[in-house]
Amino acid sequence: MRTLEDSSGTVLHRLIQEQLRYGNLTETRTLLAIQQQALRGGAGAGGTGSPQASAEILAPEDTQVLQQATRQEPQGQEHQGGESHLAENTLYRLCPQPGKGEELPTYEEAKAHSQYYAAQQAGPRPHVGDRDPRGAPGGHRSQDEALRELRHGHVRSLSERLLQLSLERNGARAPSHMSSSHSFPQLARNQQGPAPRGPPAEGPEPRGPPPQYPHVVLAHETATAVTDPRYRTRGSPHFQHAEVRILQAQVPPVFLQQQQQYQYLQQPQEHPLPPHPAVLSHGPLGALSPPEVEGPASTQTSSAPSGSAHLAQMETLLRENARLQRDNERLQRELESSAEKAGRIEKLEGEIQRLSEAHESLMRASSKREALEKTMRNKMDSEMRRLQDFNRDLRERLESANRRLASKTQEAQAGSQDMVAKLLAQSYEQQQEQEKLEREMALLRGAIEDQRRRAELLEQALSNAQGRAARAEEELRKKQAYVEKVERLQQALGQLQAACEKRELLELRLRTRLEQELKALRAQQRQAGTPTGASGGSPELSALRLSEQLREKEEQILALEADMTKWEQKYLEERAMRQFAMDAAATAAAQRDTTLIRHSPQPSPSSSFNEGLLTGGHRHQEMESRLKVLHAQILEKDAVIKVLQQRSRKDPGKATQGSLRPAKSVPSVFVAAAAGTQGWQSLSSSERPADAPARLATDRAPEEEPVAAAPLPAHAKHGSRDGSTQTDGPTEGASACLGLDPDSLLGYSGGQRTASLDSVAASRVQDLSDMVEILI
């Protein structure tokens, strides 16, 4: 609806603009009143007036024409509304108020009229006849420019029907106004014959212009030549324009008369020549004058005896011409206004058609909307009725549910009271039972504490018994170790006693054999000394010498036996101490193992695996350490064996002594051990210088040959290690006596000699290994 109001307001505005351009003052006032009323009525509603209101205010004849005509859209003239309104106001102020049936001038006429009055008020203008016809004064330059623009303007051509209607209505008053129309040449041919009105002019006949001065009308001379009958062509399209009409109609009569008289007096008094052809071709206003003007001109040239008669005739002609011109202009204005009204009516019809179509579309849309609203209202009513029924059912259900709930709550309250009484009785009974159970639990806790104390006492007694058992086991192991030691010592003692007995037997046999050999040697010496009588004192000397040597050797043997017993005692003590230390270490390790096993946690797969790894690592380390110890022992024993082998190679060369008397109380094993020990000690101790040549001599002598008795060194007595005895001679004497070569003394065979040497070497190695272990 807003768009319809806007469009109606736009249509009214266009109508007012067109009426201001082309209509009369009455219709303009009517449309302005309609617009003002629409503006006052639409100020509250926010829009312009409706087309119905504007149509009601129009005149009745306008409404009839509005219903029959069609609308024509304006051709780009909407922007001239303000200018046309201003021109209309100016025209209303300048022109007198016309009557009811009088036509008002158009916008272009009012504009030209206002320009004319502005020029009159600006200052005195030069007379039109005072200037040259060919000149171009500056006073009429604005009118010339307006005419120049009119040449390029649009020419309004009317339809034949409208022209015939206007001619039928106004044909009696203006029969000669269409004489020279270019649009309707048949009218011009029919109206060329009427005679001029008015009395025939008296006086001399006026002459026309000379042939060398053609009637050429320029554009700037149009304003002065408009009222001249020679230059008027009413059918020309240029004279049909509004500005030309305003110049023809609105010039004051006094000014026109003065101008016409001045022009007429200045014309030459000659007969008019036929019009030059150039007159028709120069300028838009160059056309033939009408016959009613040409007639008086011919009469003026023929008969004008005096100037006054001529002037009177001219005045009558001018008045008639002005009257005809006014009638023609009025008819033209009526024709133009009717054409403009027809165009406006067409535009109004088109706009009304468009408004009616919009109204019909709006009505259809509103009918559709109303139908849709009706259907939606019906749907909503049905939905509301359905919801009301549903709400009623729900309310009934709610009431029934509330009633049932109230009855149930009452029943539940009664049942709950009974249940509460029962629960109270049950809770009292349960409290009594709970008190009984608590007393029983207190008794059981006391019994459990007694049981726990008893268990602790039993565990303590068990731990004490286990400790006593462990200590008893340890003591038992120690006693068993002592028993084993005693048994081993007894076995060793028995073995030593057996060895001593065997050694004593061997020594007895050797002693007896040596005594026998000694006796044999003495007998040989006697037999050898008898032949030589001269040397009677030599046997005595040899006997004394031998007795001294024997005594020295016995002393040496005694000293060696003492040393041997001392070292044997030390060896036994050291061996016993070593055995005791080994047993103590074994018992400590066993006890440690038992404590570890006892205090170890319960075995688990992971802990057993870790313990297996740890025990394996410990065993591996123990084996490595044991291997290292054994390797060191082997190296030491190898070194001792090498030393003993060297000494054994040296010992046989020193066994060059006579018969020895071994001690009966010294076992043979101890002798061998003492000999080995003495030989081993002799490596570290410093030997006497006197023993060096004897040892070197024995080293050079071969083992197979019998060695003769070496000369005895000087007696250099020195104390032994323990200081018990004093011996003369080197300490190697015992080993030499124990390691005597059987071939040199007893004459044994080679096999017996090697067997005895092997047994002596084996005993030495065994004893030395034991001594090295003890010392380590």
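For all residues, glycine too, the Cβ spot is worked out from N, Cα and C.
If you look up Swiss-Prot, you'll see 41-88 (among others) marked as region 'Disordered'.
What Swiss-Prot lists as region 'Required for interaction with CDH5' is 101-307. Summed and averaged per residue, pLDDT over the region 'Required for interaction with CDH5' (101-307) gives 46.
Taken from Swiss-Prot, the feature phosphotyrosine applies to Tyr107, supported by similarity to another entry.
The feature region 'Disordered' is assigned by Swiss-Prot to 119-142 (among others).
Annotated region 'Disordered' per Swiss-Prot: 169-215 (among others), in sequence order.
Summarising the annotation, Swiss-Prot assigns region 'Required for interaction with CDH1' to 220-307.
Here Swiss-Prot flags 283-309 (among others) as region 'Disordered'.
According to Swiss-Prot, the feature ubiquitin cross-link maps to Lys347 (among others). Using a 10 Å radius centred on the Cβ of Lys347 (ubiquitin cross-link) and all shown protein chains, the other Cβ atoms total 21. DSSP assigns Lys347 (ubiquitin cross-link) to a helical segment in the three-state reduction.
Packing around Lys408 (ubiquitin cross-link) is summarised by its Cβ count: 10 other Cβ atoms lie within 10 angstroms of its Cβ, all protein chains included. The annotation ubiquitin cross-link is assigned in Swiss-Prot to Lys408 (among others).
What Swiss-Prot lists as region 'Disordered' is 591-620 (among others).
The region 'Disordered' annotation in Swiss-Prot covers 677-743 (among others).
Annotated motif 'PDZ-binding' per Swiss-Prot: 773-776, in sequence order.
In this structure the C-alpha atoms belonging to Lys408 (ubiquitin cross-link) and Lys347 (ubiquitin cross-link) are separated by 87 Å.
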